[in-house]
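Taken from Swiss-Prot as is:
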- His208: active site, proton acceptor (ACT_SITE)
- Lys181, Lys182, Arg198, Trp203, His208, His256, Trp263: substrate binding site (BINDING)
- 422-439: compositional bias 'Basic and acidic residues' (COMPBIAS)
- Asn116: N-linked glycosylation site (CARBOHYD)
- Asn127: N-linked glycosylation site (CARBOHYD)
- Asn230: N-linked glycosylation site (CARBOHYD)
- Asn323: N-linked glycosylation site (CARBOHYD)
- Asn328: N-linked glycosylation site (CARBOHYD)
- Asn379: N-linked glycosylation site (CARBOHYD)
- 1-4: topological domain 'Cytoplasmic' (TOPO_DOM)
- 28-470: topological domain 'Lumenal' (TOPO_DOM)
Amino acid sequence: MDERFNKWLLTPVLTLLFVVIMYQYVSPSCTSSCTNFGEQLRSGEARPPAVPSPARRAQAPLDEWERRPQLPPPPRGPPEGSRGVAAPEDEDEDPGDPEEEEEEEEEEPDPEAPENGSLPRFVPRFNFTLKDLTRFVDFNIKGRDVIVFLHIQKTGGTTFGRHLVKNIRLEQPCSCKAGQKKCTCHRPGKKETWLFSRFSTGWSCGLHADWTELTNCVPAIMEKKDCPRNHSHTRNFYYITMLRDPVSRYLSEWKHVQRGATWKTSLHMCDGRSPTPDELPTCYPGDDWSGVSLREFMDCSYNLANNRQVRMLADLSLVGCYNLTFMNESERNTILLQSAKNNLKNMAFFGLTEFQRKTQFLFERTFNLKFISPFTQFNITRASNVDINDGARQHIEELNFLDMQLYEYAKDLFQQRYHHTKQLEHQRDRQKRREERRLQREHRAHRWPKEDRAMEGTVTEDYNSQVVRW
């Protein structure tokens, strides 16, 4: 009797166990929810409700589901902030192309990018045309083209001038002999120079000649140096210069004058003559201004250090040269600043002392010339070691208010040119990669049918040979 009862009891128990096991396999979400429910009871912590299946949700009333709290959907892709905003040229990309994504990750980092990895955010302030931002000079070094370097005092021009004669990769490099201040920079196979600068032709137009002097002097000087048989060919003059933060430049010039520099041999030629002593008086009675204090340096109202960058880049003939009675001061300053901006914008190239690597990048892309060694950014200078208070700094900015406006304009134009050139280069590289991948795909497409036909021919030949043998 007991054995028969055990057999009848065993059958429903096994059936129930089978149903439970099958239910777990058919509905695994129930298992997880049941186990989670048991864990919640043990831990006493509240957990968010599981999202039901669409079938169960369809069976429930609509208003009931609207009242229930819903979990947000899982984010797709990386979280916000992990990558930058896509560039405009990325909008026409094929998002499903894995080769494009892999190659995008292989870009070299910007040497001047911040160490934390965040991209520097540049907000343009001035509106420039595409022509103003696009700078590519078809410099013909074998022809008659000449690069003219306008060297403004204390802007890093000496270092940049040495780069021009010693650091450019050329077919015929400049010949610089030890003990000589000037180098010989001849065109390939000719005895003519392609560079007009302190370290190639010397101060042929005067010590630190400005824009007014160079534009009236350089063409005549180069015609004398050139061969008469080449005078029938056209010649292009490409003017370049370097600018610097006005406060740092002013302090550097003060320290230089304090050590005995004068530049009193400068000609300051304008409209065919040099200024009279009344038009351009000196700030010191002796041979030099050695040991001058910063206060004395700033107190001289006709100190040429004031707004030097604007004066050396402007066309002084527009304001009567150095004759301050030619027009009122306000009108004179407006004309000088606007003239300096226009001349700077129309130059073939200008660099900034504070951005050495970007200066090198833009020069190389503008003239299609490569430097041998990279430029170095020296942040410790004599000007940086000068400790001045806020009042003295403000006074220097007031004395150089025209240079301050010019530098803001120049820095904005410089940054826009840099980003524009980078963008164009990035687009060209991307187009080149696309073309290479397209050629590879076409090559594979033409190669595979030939291989298939070759394989078919081999199989047919083997089969026929076997039939012959049979």
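Placement of Cβ uses the backbone N, Cα and C atoms for every residue, glycine included.
Keep in mind that this is a model prediction, so the values were computed, not measured.
The structure, with features from Swiss-Prot marked on it.
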| residue | record | CB count, 10 Å |
| --- | --- | --- |
| Asn127 | N-linked glycosylation site | 8 |
| Lys181 | substrate binding site | 8 |
| Lys182 | substrate binding site | 15 |
| Arg198 | substrate binding site | 21 |
| Trp203 | substrate binding site | 14 |
| His208 | active site, proton acceptor | 20 |
| His256 | substrate binding site | 17 |
| Trp263 | substrate binding site | 13 |
| Asn323 | N-linked glycosylation site | 17 |
| Asn328 | N-linked glycosylation site | 9 |
Spatial neighbour of Asn127 (N-linked glycosylation site) that is closest, considering only the recorded positions Lys182, His208, His256, Trp263 and their CA atoms: His208
Other C-beta atoms that fall within 10 angstroms of the C-beta of Asn379 (N-linked glycosylation site): 6
Neighbours of His208 (active site, proton acceptor) among the recorded positions Lys181, Arg198, Trp263, Asn328 (Cα to Cα, within 10 Å): Arg198, Trp263
Composition by DSSP (helix, strand, coil) of residues within the compositional bias 'Basic and acidic residues' (422-439): 18 helix, 0 strand, 0 coil
Across the topological domain 'Lumenal' (28-470), average pLDDT on the 0 to 100 scale: 82
Candidates Asn323, Asn328, Asn379 (glycosylation sites) - the one closest to Lys181 (substrate binding site) by CA: Asn379
Nearest of the glycosylation sites (Asn323, Asn328, Asn379) to Trp203 (substrate binding site) - Cα to Cα: Asn323
